[in-house]
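Read the structure below first, then the notes.
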Amino acid sequence: MTRGWTMKVATSPTTLVKLEVHQLSLLKRAVPPKLKKLKSPNVHVGEKISLKCEATAGNPQPSYKWFKDGKELKKSKDIRIKYGNGKKISRLQFNKVKLEDAGEYSCEAENVLGKDTAKGSLNVKSGTTKAPQVLPASETKIVVMEEELTTTLSSWSGHARKCNETAKSYCVNGGVCYYIEGINQLSCKCPNGFFGQRCLEKLPLRLYMPDPKQ
């Protein structure tokens, strides 16, 4: 005989069947997270915006992480991470969007059974919410720290300087980021083989390979 509390366990066939059914029910409800695709909004500098990461499945409730251009984001005075609907939703909130907030964003949800990732982008435009004036594209030279940067822009001209540390990630694939004063716009000097506003587009190999006859 042992000291302390003792517990009698019912061993009737009916009780065992009920326990097995309950265990199977718990197993069926336990699933890895499944996320909806992130939206890719277009916003202007100074606006308030939030990116919503929503789980359509996931039991136990998943934990969330946010990333920008592959780097994990943490709460700050400019960015808030909030949860809602019993942690089925995570929101990444920007109090006032800046040009350097533009980029590729991803949300990762994980529980003990697995994880899922949803991706989207945030496109930030300078100026007010008024429709921008459409200007013909032209080759414009901009003075940059005693050197000339030739880039395809609208018919604006002004002085430019290299972006600060927080805005450097605006340009990808080895592109160099510049801030154009006067129009408050970021621009990228793309390496050979890439083009586009953020150097996201890749040229076909035949367009930039040197001529072997030269």
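From the backbone N, Cα and C atoms, a Cβ is placed for every residue, glycine too.
Annotated in TrEMBL:
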- Cys171-Cys188: disulfide bond (DISULFID)
- Cys190-Cys199: disulfide bond (DISULFID)
- 33-125: domain 'Ig-like' (DOMAIN)
- 159-200: domain 'EGF-like' (DOMAIN)
Within the domain 'EGF-like' (159-200), residues counted as helix, strand or coil by DSSP: 6 helix, 15 strand, 21 coil
DSSP helix/strand/coil residue counts for the domain 'Ig-like' (33-125): 3 helix, 58 strand, 32 coil
